[in-house]
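Take a look at the structure set out below.
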Amino acid sequence: MNNSTTFDLYYSPVEKHFCYHAIFGGYQIFILICNLIILIKGVSSVYLIKMPLLRINILILTIAFTIQSILQGAQSVLYVFSFIFHKDINIEICSGIRLFGNTVHGIVDFIPFSLAVIRYNIIFRKNKRMIVFWLSQILLVVIRLTRGIYPTVSNDSKYVPNGACGYVKAVNNDFMMALNIFSVSSEIVFPIVAFIINIIILKKVLKNFKKIEKENEKKEQKQLFWSMTIQILMPFFCHLPSIHLFILRLTGFKETVIHVIIVDTLNTIAYSSSVFFSIIIIDKLRNNFLNIPC
């Protein structure tokens, strides 16, 4: 049904979707708690203050994952409480929350790439073309926001069945298809480019540590490399099944609850633990965060 068609804009939650939303909502709360703990420790860590670039990475990622978990978990919390207290869900509000949450999720996915470019420019003082970089970042954000906003304002939007909201607004035209293709492509390309930049940084930095007496510095740089690699690749690899499922949806594939739970579980592992693992791989931070001897 299109926007001009009038129908009941309220949806009564059903039991068959309640369990999924209880699980997904629990996942988002888990991600939220994990990242808040790391954020608090990161702000107060003496060692991280001495490693400003890594500190920026950790703080930005934990804040981004925290905001993402709140926005994505909101629809499930709304569903669970509506089911428990026998309340109807406003489809317009729920659809808006879902679309905005997915939009923020897409923006969060290219943060590691942005941080890798910034880190490269700060270390090697390549600041002349940063204006181009910042303009491209603004353009990327606008494109991702458009993907979330467009279905809510387009005259071509339709209400399609959805387990979270009953119905959500969706658009199936060439412009939306282009936005979806860009979305999928960016979620694959940007992490790979970020990883390549990370390798370039390591090789260039190690050239400055050729002397034997600088073995400790070499070790720290290698640990920093693996730390950044975890931040980049762990979310990427865990998110690949989600990307694959999204592509299948574009072809008309109807996923089952099992498919969605598997994808959500992998995403939860990535967004709750990638920053944590990137921290404990560095000796000084492992000792500081977990009180484990180096």
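Cβ atoms here come from the backbone N, Cα and C positions, even for glycine.
Unlike curated entries, TrEMBL annotations are predicted automatically.
TrEMBL annotations:
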TRANSMEM  20-40  transmembrane segment
TRANSMEM  52-85  transmembrane segment
TRANSMEM  97-118  transmembrane segment
TRANSMEM  130-150  transmembrane segment
TRANSMEM  181-202  transmembrane segment
TRANSMEM  223-246  transmembrane segment
TRANSMEM  258-282  transmembrane segment
Under 8 Å between C-beta atoms and at least six residues away from its ends: which parts of the chain pack against the transmembrane segment (20-40)?
58-59, 62-63, 65-66, 68-70, 72-73, 75-77, 79-80, 83, 163-164, 257, 260-261, 264-265, 267-268, 271-273, 275-276, 279, 289
Could you tell me what the rest of the chain brings near the transmembrane segment (223-246), counting residues at least six beyond its ends with Cβ under 8 Å?
51, 54, 57, 61, 109, 112-113, 116, 119, 180, 184, 187-188, 191-192, 194-195, 198-199, 201-202, 253, 255, 259-260, 262-263, 266-267, 269-271, 273-275, 277-279, 281-283
Same-chain residues at least 6 beyond the ends of the transmembrane segment (258-282) whose Cβ lies under 8 Å from its Cβ atoms
20, 23-24, 27-28, 30-31, 34-35, 38, 54, 58, 61-62, 65, 68-69, 220, 223-224, 226-228, 230-231, 234-235, 237-239, 241-242, 245, 289-290, 292
Mind checking which residues reach the transmembrane segment (97-118)? Cβ under 8 Å, same chain, six or more beyond either end.
56-57, 60-61, 64-65, 67-68, 71-72, 74-75, 78, 133, 137, 140-141, 144-145, 147-149, 151-152, 162, 164-165, 168-169, 183, 186-187, 190-191, 193-194, 197-198, 201, 228, 231-232, 235, 239
